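A quick write-up on the structure given underneath.
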Amino acid sequence: MGLGHKIRTGYAKLSFLSRLARQSHDAKTLPALPCQIMKQDGDRLRSLALFGAGVSGLLGCATIAYSDEAEHGLAVPNYPWPHQGILSSYDHASIRRGHQVYQQVCASCHSMSLISFRDLVGVAYTEEETKAMAAEIEVVDGPNDEGEMFTRTGKLSDRFPQPYANEQAARFANGGAYPPDLSLITKARHNGQNYVFGLLTGYRDPPAGISI
């Protein structure tokens, strides 16, 4: 067998093996095409589902906001509060005046059952001032070693005193209405602090000839 014949035979074998390899590769990759298409379709469906969920969420929030506005009437103005900035802080003198207004006006009907005297330390008063303020009230505590309740002087850890003993007493004193607790009132009302400020400063004398 000549050298040329051997070369031609070897080349033919290499060509045959190359065709087998390509066919084998095609046989492995062809079934994967539907899977790839299904994966792309699945990604599209998931994207559509997420988009639909987002739209539904936005519509739900808009509906809640609309019903909330309808429940609370007209929207109050948005005031430029100086403490809303990232590096801003509360006006401690203003907080002190606000507490004094609560004590002198609001506390006769409204409770602040989640606020303790110690919450005022370093915010509106010094520790000595707050201790003196807490000492002005009497707190029912106990039981003692004999199982009896007793009365003691207030301290920093005590909560603000309640204007009424229970809800029934509060409703009886206010014509059936229950004065809300003011501890978290800015979180419990839409537009929080703007709502409270608008309410406190929104009282006007009735028009002439109108009696309320």
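The backbone N, Cα and C atoms fix where each Cβ goes, and this holds for glycine too.
Residues annotated as domain 'Cytochrome c' in TrEMBL: 93-200. The annotation heme c binding site is assigned in TrEMBL to Cys106, Cys109, His110.
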Intrachain C-beta neighbours of Cys106 (heme c binding site), sequence separation six or more, cut-off 8 angstroms: Leu182
His110 (heme c binding site) CB neighbourhood, other CB atoms within 10 A: 18
Helix-strand-coil residue split for the domain 'Cytochrome c' (93-200), DSSP-based: 47 helix, 12 strand, 49 coil
Residues flanking the heme c site, with Cβ no more than 8 Å from the Cβ centroid of Cys106, Cys109, His110 and excluding those residues themselves: Tyr102, Val105, Ala107, Ser108, Ser111, Pro163, Pro179, Leu182
For Cys109 (heme c binding site), the number of other Cβ atoms found within 10 Å of its own Cβ: 16
